[in-house]
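I have placed the structure first, in the form of structure tokens, so that the comments after it can refer back to it.
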Amino acid sequence: MDGSNEKQLHSSATTPVMNAIKEEEDMPPTPIEPVTSEFKTPYLGNETTNMSSTDLFQTAKATFTNSQVQTKFMSPPVAGFYSAKDGNNSSSSLIYNSGFTFGDSNNNGGTNTSSSNTPTKTVPVGVPTASNFKREPRRNSLKYVPGSKLAPPPISRNRSPIRNTSPEVIPTSKRSSTYLESPFNFTQGHHEPPKTTITSPHKSTPPSSAGSRTSFRKGHRYKHSSVSMNFFQETEVKIPLNIAKSLPIPDFGDILQNLPWPKAHIQLVIVSLQLLLGISIFFIGNAKAWSNFITLSHFITYDIIGSLAIILIETLSHFEAWFTGTITFPFGLNRVDVLLSFALAVSLCFVGLDLLFHMLEEFIAIFVESSNPDHHSDIVAQIPHSHHDGMAAGQLISGYNITMWYAVVLFSLFLATLSLFKTFYANTNSKLKTKNPMITIIYSFYLLIFPSLPDNLSNISDYVASFLISMFILVHGLTIAEWTSTILLLGFSTTVLPSSAFLLDQDTHSQNQLEDVNSHNEKMNNVSNGLNKVIMGRKRSASSLPVATSMKNHHCNDDSILNSFLSIFKFKKSGNRRKFNNPSNIKAIIKEKIENLSEFKSRCHLNDGDLIIIKTNFSLFIVLLKIDLKGGSNDDETSLRFAVDKCIKKCLPNSETTIEIDRI
Amino acid sequence: MVQSFLARIPLIISFPTIILSSNLIVPTYQDILEQHISHNINHNSNLHNEQDHFLFSDLIVRLIFLPLFASLSFVSIGCSVNIIKRRWSSVIPISLTFMVVSLLNFILNPIQTTVFTMVTVKKLIHNENNQIYDISMKSHIFNFMKTYLPLIGLCLIINCINEENRALSNFMSTSEPWYYLLLNFVIYLVLIILLRYTYPVLKYKLFDTQDDHNNAQEDNYIENKSTRRKVLISLILGSLASLATMLVLTIFYRASTLQLLMVFVYIGCVTIFFFSLKDSLIEYSQRMSDDGSNDQAQIATLQIPNFMTLIIGFMSISLQYLSFNKVASSFTKDLLTVVFVTLAEYISRVSIRLSYHNKQGYPIKSRVTSTTHNDHHHHNHSSQKQKKSIFKQIVLNKDTRSIFSFLLLNTTFMFVQLLYSFRSKSLGLLSDSLHMALDCTSLFLGLLASVLATQEASDKFPFHLKYLQTLAGFTNGILLLGIVCGIFVEAAGRVFKPTAIEETNELLVVAVLGLLVNLVGLVAFDHTGDGHNHGDNGASSDNMRGIFLHILADTLGSVGVIISTLLIKLTNLHIFDPIASIMIASLILLSSLPLLKSTTLNLLLKLDTKKHNSVKNALNQITTTPGITGYTTPRFWPVQPNASEHAHSHGGSQHSENDHDHEHDHDHGHEHSHNSQNGHNHHHMSKNLDKCTLVGYIHIQYAEGENSTIIKKRVERILENEGIQAWVQVEPQSSSCWCRTTSMSSVINPNISSN
């Protein structure tokens with residue numbers, strides 16, 4: 001609601017257009033030729049997205065005549081595409097179709113005579129349309145209900161300021177079906193992101209004039225336009241849903257065409273450079289029998305995979321299907337991000353294990369050799385990626401070779417660093433993702449030292465280095481896998497929450513409070529003095545809670561990878577940290593805070609099991625509560641809900657709360 | 001039946017392997033001789049000069065530290081797995097016995113040791129408890145003689161003409177055979193006397209009066225806990241110390257080099273041995289408690305079955321053959337060894353029949369109950385409770401059990417292969433066995449997931465771990481992809497740079513063995529898959545599919561190796577090797593892709609058509625409900641992952657329901673015990689997730705003037721009818737909420753939070 005949300009609203013203003021959609025649009029003669037070529041840029045950095053919602057609103061007013069320009073940032077309505085996808089042509093389909101208005105609903109809302117009940121108004125929740133005008137709570141989908149059951153329409157609906165600014169819409173919208181001829185004007189005028197219509201995947205949606213005409217002919221729509229007809233509505237006509245059934249999943253072509261302009265392309269250039277480097281390193285390694293190089297090329301390959309995955313995710317995240325919940329995918333596609341990150345972490349573990357086993361193999365080979373030294377060379381030849389040749393290579397590295405060695409290693413070091421910062425850290429949720437180039441960087445550093453190592457040391461150093469690296473890979477991979485799997489399993493992942501946020505006002509107090517929390521957990525049942533004490537302690541810390549800000553600052557700046565590596569050596573400290581971030585503790589704290597609310601205190605009850613916090617993707621917490629309220633009116637309920645919601649939002653800024661209140 | 005046999009295979013394989021590997025930790029004299037011969041053909045004198053020094057330290061290693069290490073590590077592993085009680089009174093006799101066994105190993109060869117041990121153990125288990133004290137000394141000794149003398153006689157005959165031992169006598173510079181014979185005889189006598197006295201002690205410690213002790217333990221268990229820890233720590237320290245001493249001795253006193261790999265194999269085998277022993281014990285005790293009436297039938301399963309000695313004997317012979325490329329030095333001796341094993345089987349039967357009294361079931365029963373009691377005891381008080389219960393869950397769940405036995409089998413086979421690769425000095429086999437280790441890891445992952453998935457909800461995972469199995473399936477799919485990539489890369493390398501494959505014989509042997517093992521695994525899997533599992537739900541079928549694909553991939557791999565090796569042998573064209581690998585890799589790839597797809601969709605919380613429709617219906621009904629003006633954020637996801645397309649439901653819904661109930665019961669019991677222990681307030685969600693298919697939340701806006709409670713009730717009923725458990729937030733139309741002020745898409749969109 002407040003500043004934190006403000007920014008979020010804009011991203012959806014420009015969703016990329018998919019191939020299929022464009023094809024759809026090209027067919028009907030559109031009143032204003034939609035500049036399809038411009039639609040290709042889903043990239044968020046354009047002007048509209050950077051404006052706050054009020055700004056946007058004003059510009060909308062001011063530059064209304066200028067709407068042409070703004071359409072460039074929006075893609076045209078694409079409803080036809082979706083309906084085609086669903087194969088559902090009938091108006092009786094369950095999905096709400098936005099082009100469709102009900103005469104009676106217009107009239108029913110006593111207050112909204114002046115305003116129009118435009119199709120876009122009734123756009124489903126998940127649709128970004130509303131985002132531009134977030135201040136108006138005009139989102140309600142259920143305009144169309146059989147007459148007898150009709151609820152009074154929301155007052156909020158009429159408040160849409162956009163409508164007023166659009167001269168074309170106002171007159172037409174009252175007679176709903178007639179305005180169908182100029183859907184584009186309408187949308188343009190309002191800066192409605194064209195995708196809004198996506199969520200109503202039905203042919204009946206009118207945005208393209210040709211399409212609308214056919215549906216017109218069918219007579220379905222016509223029927224609804226009359227008020228009286230609605231009273232005799234057949235029962236089987238289903239009411240449009242407030243949520244899209246499903247959204248098309250972008251295919252490869254869509255992704256290619258919608259790569260965010262400078263960023264993704266730079267990243268792709270880095271990737272292709274790395275690819276070239278990897279291949280050449282592989283061949284050099286083979287030609288010169290430098291086994292280290294072959295290992296390095298493996299690491300680089302892995303970097304490439306990781307970068308590609310990140311580019312893919314970044315691009316995908318601009319599509320609507322990514323972040324819009326539908327019935328089929330309740331949280332959108334963005335769990336793909338978590339899933340991919342998990343998959344990468346698992347494969348990282350695989351690589352680590354593989355390396356470790358190769359190490360073991362060679363280690364064992366030493367024993368075998370010691371028992372029959374004649375076979376030395378035979379044995380070595382049989383081991384894939386044997387590091388044994390490294391010793392020979394150590395002597396080989398000289399003169400021309402040594403410059404080549406250094407040049408190649410330095411170049412790979414450079415590329416890896418570049419990709420680490422340009423691709424991996426540039427990414428939003430980098431803390432929870434594998435940072436592959438780290439490995440390459442570390443290994444490259446080792447390779448830089450390698451030629452200067454004395455001969456007898458270089459025998460062992462390969463083993464030590466690959467052992468350390470594989471351990472590092474394993475620890476890193478497992479950490480990431482653990483974090484992401486918590487999210488995948490619908491758990492309460494507390495990893496991105498800074499530990500300090502909840503528990504600490506000062507470091508010195510931390511231990512104290514931790515004990516408090518622990519004791520609290522133990523005495524959860526008996527509400528006694530101890531509990532009170534805890535609550536008091538909590539209150540103090542709650543007052544100085546800068547969670548929202550600290551969470552942002554905290555973001556991905558701390559080097560978790562090194563921490564995780566070092567944490568092998570300092571179990572104690574990490575254990576301590578883990579205690580702080582223990583989901584039970586955080587949950588207990590949130591619960592206490594809720595219980596301390598003045599609205600709550602007197603007559604409410606919250607069971608421990610009735611506060612559920614889960615995380616469904618990298619950024620979204622879902623909080624589900626069930627509170628018992630003894631007595632009270634609707635207003636009490638509302639105020640309680642507000643207070644609790646606010647309290648939770650303070651702790652978990654990016655969360656969706658659902659507060660179920662049982663009045664006893 | 002198949003189950004219990006399958007569970008026993010790891011035992012059968014691991015036991016001889018333990019004996020053999022403990023023998024091989026220090027290289028045999030035969031090996032040393034060979035090495036010396038190959039090394040110093042020219043300077044024989046050198047050898048003799050070093051001999052005195054060498055012999056002394058070598059004997060110290062062989063006679064003191066190796067047995068010490070073997071027995072201590074054996075017992076410490078047994079203790080940590082909780083088969084052997086952590087008390088000095090039970091630890092000491094067992095470790096002494098095992099020391100005797102490994103001393104025996106020094107004198108006899110592994111086959112004979114194995115057989116001797118088997119006969120003794122069988123006698124121990126099958127004889128009645130108090131008999132030893134009742135019967136007079138004389139008849140007892142007679143009994144003993146009857147059992148062991150024929151065996152010893154045969155042993156002497158074999159060993160007398162044994163060149164290996166003659167090599168030993170050469171080393172000891174006692175060239176006269178009669179002296180050697182006498183020495184052996186004296187040793188045997190000592191052994192028998194030792195055995196005679198340790199026998200009752202052993203028996204007493206193993207079987208008797210456990211319950212009394214345990215009862216006493218209940219009272220002051222804290223004290224016992226510390227002693228238990230002390231016992232365990234000192235055992236581990238002792239074994240480490242003896243290992244270190246051996247290392248020091250070998251390095252500084254030029255005793256024969258220690259084979260660390262064999263130490264690894266030994267420890268791994270002992271671990272597996274105990275795990276599978278525990279597995280069968282738990283399963284057995286479970287069956288006992290299930291139907292105690294039918295005692296007679298049950299007892300037969302834990303008794304060492306009749307042909308067990310024979311089977312283990314032959315297993316040991318084949319192991320010996322694998323590792324030395326021969327059983328004994330000549331054909332007659334091979335024959336004699338076979339006769340020896342058969343005789344042992346016969347004798348063990350006869351000696352049991354001698355003491356086969358009516359009460360024969362009693363000791364076993366008491367042992368088993370004491371074990372379970374101990375388990376229980378441990379369950380209550382130890383910090384390892386969690387791990388413990390996981391193991392028990394694995395064993396007691398029918399589906400996981402056979403896979404667990406297969407895992408044990410696979411691991412055993414891995415160790416055998418490691419041993420073999422070491423003996424045959426083939427690195428191809430070495431890398432293959434390490435690859436197998438990876439397989440075992442992923443099998444273990446799947447197994448762990450299927451057990452953990454039944455855990456109760458916690459603060460961290462409020463919705464249980466229902467998706468864990470799907471996640472495990474996904475992980476296995478990813479690992480398969482990794483393996484496939486590895487194979488492709490290697491095969492491509494071989495296409496361009498063909499390498500001649502040597503050791504085709506060893507490769508064939510191992511590939512055939514691996515194929516056998518994997519076939520057993522497939523049978524085991526089929527057994528569970530058909531009967532019980534597929535009907536359950538999508539989650540477990542995903543998981544099982546992952547495991548199945550792994551086993552299948554291995555099987556295909558062995559088949560490929562066999563075919564390509566044969567083709568190479570026939571045609572001498574080395575191109576077949578990469579071709580076979582590429583084909584197999586693509587097969588694996590093709591089979592793992594659907595698995596990846598279905599698990600991915602499930603993890604994205606996708607609703608299948610049926611659930612999709614029920615959500616649609618519910619939403620429709622909500623819209624038509626009077627008083628409701630709208631709803632926002634209808635987000636519903638499946639409680640359990642959708643069943644994958646390929647899962648054919650054999651079990652039917654009835655069965656799966658039963659299963660589910662069972663799981664639930666288990667959970668409940670667990671929680672209950674937990675409660676009583678800590679007084680912890682446990683997580684009880686007010687929503688009952690068992691009866692519904694979907695779970696989620698929705699915000700409902702109602703018109704002014706309506707009663708929110710009534711609206712809420714209506715919505716809840718609608719949702720319930722569609723099988724949806726939902727958190728319903730009811731809000732007046734005019735009030736604001738995040739669900740309407742912001743679009744819900746923007747909340748989710750991850751890009752924004754970064755801006």
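Residue numbering: from 1, along the chain as shown.
The backbone N, Cα and C atoms fix where each Cβ goes, glycine too.
Because TrEMBL annotations are produced automatically, they should be read as predictions rather than curated entries.
These numbers come from a predicted model, not from an experiment.
Taken from TrEMBL, the feature transmembrane segment applies to B:5-26 (among others).
Sequence annotations record features per position, and here TrEMBL assigns transmembrane segment to B:59-84 (among others).
Annotation source TrEMBL lists transmembrane segment at B:91-108 (among others).
According to TrEMBL, the feature transmembrane segment maps to B:231-252 (among others). Residues 26, 57, 60-61, 65-66, 68-69, 72-73, 75-76, 79-80, 86-88, 91, 95, 258, 263 of the same chain sit 6 or more residues outside the transmembrane segment (B:231-252) yet have a Cβ under 8 Å from a Cβ within it.
The feature transmembrane segment is assigned by TrEMBL to B:258-277 (among others). Distant neighbours of the transmembrane segment (B:258-277): 7-8, 10-11, 14-15, 17-18, 21-22, 24-27, 70, 73-74, 77-78, 81, 83, 243, 246-247, 250, 405, 408, 411-412, 414-415, 418-419, 422; these residues of the same chain sit at least 6 beyond its ends, with a Cβ under 8 Å from one of its Cβ atoms.
The transmembrane segment annotation in TrEMBL covers B:298-323 (among others).
Among the features that TrEMBL reports, transmembrane segment is placed at B:335-356 (among others).
Sequence-distant contacts of the transmembrane segment (B:402-422) (same chain, at least 6 residues past either end, Cβ-Cβ under 8 Å): 2-3, 6-7, 9-10, 13-14, 17, 20-21, 24, 259, 261-262, 264-265, 268-269, 272, 275-276, 279, 319, 322-323, 394-395, 428-430, 432-433, 436-437, 439-440, 443-444, 446-447, 506, 509-510, 513-514, 517, 520-521, 524-525, 527-528, 547, 551. TrEMBL lists B:402-422 (among others) with the feature transmembrane segment.
According to TrEMBL, the domain 'Cation efflux protein transmembrane' annotation covers B:404-604.
With a cut-off of 8 Å between Cβ atoms, the residues of this chain six or more beyond the transmembrane segment (B:434-453) that come close are 390, 393-394, 397, 399-400, 403-404, 406-407, 410-411, 413-414, 417, 464-466, 468-469, 471-473, 475-476, 479, 483, 514, 539-540, 543-544, 546-547, 550-551, 554. Summarising the annotation, TrEMBL assigns transmembrane segment to B:434-453 (among others).
Residues or ranges marked as transmembrane segment in TrEMBL: B:507-525 (among others).
Long-range contacts of the transmembrane segment (B:546-568) within its own chain (CB-CB distance under 8 A, at least 6 residues past either end) are made by residues 403, 406, 436, 439, 442-443, 446-447, 472-477, 479-480, 483, 501, 504, 507-508, 511-512, 514-515, 518-519, 521-522, 525, 529, 574, 576-577, 579-581, 583-584, 587-588, 591-592, 595, 599. Residues or ranges marked as transmembrane segment by TrEMBL: B:546-568 (among others).
As annotated by TrEMBL, transmembrane segment applies to B:574-596 (among others). Listed as Cβ neighbours of the transmembrane segment (B:574-596) (distance under 8 Å, sequence separation of 6 or more from its ends, same chain) are residues 473-474, 476-478, 480-481, 483-484, 487-488, 490-492, 494-495, 498-501, 542, 545-546, 549, 552-553, 556-557, 559-561, 563-564, 567-568, 644-646.
Residues or ranges marked as region 'Disordered' by TrEMBL: B:639-686.
Sequence annotations record features per position, and here TrEMBL assigns compositional bias 'Basic and acidic residues' to B:656-674.
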- Item | Positions on the same chain near the transmembrane segment (B:507-525), where near means CB under 8 A and six or more residues out | 2, 6, 9, 322, 402-403, 405-406, 409-410, 413, 416-417, 420, 426, 428-429, 432, 436, 501, 544, 547-548, 551-552, 554-555, 557-559, 561-562, 565-566
- Which residues, given as numbers and ranges, are at least 6 beyond the ends of the transmembrane segment (B:59-84) yet have a Cβ under 8 Å from it? 18, 22, 25-26, 90-91, 94-103, 106, 231-232, 235-236, 238-239, 242-243, 245-246, 249-250, 255-256, 266-267, 270-271, 274-275, 277-278, 281, 371, 374-375, 378, 388
